[in-house]
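Residues annotated as substrate binding site in Swiss-Prot: T148, K174, T185, E271, N393, T398. Marked as active site, nucleophile by Swiss-Prot: T185.
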Amino acid sequence: MELIKGNIASPKGFYADGKHAGLKRKRNDIGWIYSEVPANAAAVYTMNQMQAAPIFVTKDSFQSNAKLQAIIVNSGNANACTGNQGMLDALAMRAQTAEKLEIPLDSVAVASTGIIGDMLPMDKINAGIEMLEKQTGNAADFEEAILTTDTFQKQISFQTEIGGRKVTMSGVAKGSGMIHPNMATMLAFITTDAAIPAELLQKLLKIKVDKTFNQITVDGDTSTNDMVVVMANGCAENPMLQEGTADFAKFADMFQAVTEHLAKSIARDGEGATKLIEVQVNGATKTEDARMIAKKIVSSSLVKTAAFGGDGNWGRIICAIGYSGGRFAPDNITIKIGGIEILNHSSQTIYNQQALDAYLEEEHIIIEVDLHIGLESGTAWGCDLSYEYVKINACYRT
């Protein structure tokens, strides 16, 4: 597997574009991904019960068959809690995209992100779709068009050889606040020119989302609009992938690399964040327990503020373990921060405070927890909680 300098349109047969339609003051705010041939597709959605209109429209597109040729996305407006008119507007976005690209209606997915409750300005949406280019657009413009409070574009591309053919996979995501997925707002789109059955793609997506996107948190809020969509158009012309083969294992490894990179990028770009926090839990009896405990630690406001302040307060970590709901032995926990052991058998060790303080000034903080009761592990990612987070969200609508 090779990391390449690419974009969401790097896999064969894919194109992307983005434009400024006026939903936001300056940045691009509408874009699409287009495949020149129908692509096998898979998707997962927010677990928030107040799902936005685009979620329902995309689910409808998947009803007839698991194939897509395009994804239309707008930012600046979530089209959530907008009633029947919001649903009609999302359907209109799908219809206009299908008409312009000359593809079937049910081969278009729709995604939106932004302020909840405002009606879509359909005059701007319509004009924006008309501006988008089918095959001569700029993929970087799409990557900008999906952003809201994000401070940087989140993109990654890999290549590997499968069945004697070069296969490419690219991913792009947005997310900075309202991130606590349970597949926030989190949108992620993955393209690949690999040939893989839709059913196997859906199964793999669910596994990787549980290991990556569902293990990140910024502020504990789960969005109405979370969506991850994968398109595999087969243009690499590799033999159709089959589960249990060496080629499928290579593809799955590449998929893991893409989703993990995007997930960590979202966590690192949390609103007002200055540090990425990574929590690794080992020695659990079940993977689910390890993941649960890791996510509870990284979700703790007290752990997050301690990371912001450079305070190695292990009491906040042990407290989060205690209410996590995961299984552990209270008297047999080891905690390390940056490889420095600060707790052994649930008792504080003698450690180098100066070295710990210096480590906590770094931008990537790794907390290791060993439960010593099993062989399973899990990882979660988040960010610190700063003054800037409050400032951004206190003034979000203005």
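Residue 1 is the first one shown; counting continues down the chain.
Every residue, even glycine, has its Cβ placed from backbone N, Cα and C.
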Where K174 (substrate binding site) sits in the secondary structure, as DSSP reduces it to three classes: strand
Local Cβ density at K174 (substrate binding site) - other Cβ atoms counted within 10 Å: 27
Other C-beta atoms that fall within 10 angstroms of the C-beta of T148 (substrate binding site): 23
